[in-house]
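Engineer: Have a look at this one before I ask anything.
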Amino acid sequence: GIPCGESCVFIPCISSVVGCSCKSKVCYLD
């Protein structure tokens, strides 16, 4: 639920390495 400051419209979340995931075109951490 916390924005990771990254979008995932065209590419996956680079921040997924720290647990962020793509939700509604934005990367979120829980």
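In case you wondered, yes, glycine gets a Cβ from its N, Cα and C as well.
According to Swiss-Prot:
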type: DISULFID; residues: C4-C20; note: disulfide bond
type: DISULFID; residues: C8-C22; note: disulfide bond
type: DISULFID; residues: C13-C27; note: disulfide bond
Engineer: Note down the number of other Cβ atoms within 10 Å of the Cβ of C8 (disulfide bond), including every protein chain shown.
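Structural biologist: Cβ-Cβ neighbours of C8 (disulfide bond) within 10 Å number 20.
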Engineer: Name the one residue among C13, C22, C27 whose Cα is closest in three-dimensional space to that of C4 (disulfide bond); these are the disulfide-bonded residues.
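Structural biologist: That would be C27, nearest by Cα distance.
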Engineer: Across all the protein chains here, work out how many other Cβ atoms are within 10 Å of the Cβ of C22 (disulfide bond).
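Structural biologist: The Cβ of C22 (disulfide bond) has 18 Cβ neighbours within 10 Å.
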Engineer: What's the CA to CA span in angstrom from C20 (disulfide bond) over to C8 (disulfide bond)?
Structural biologist: 11
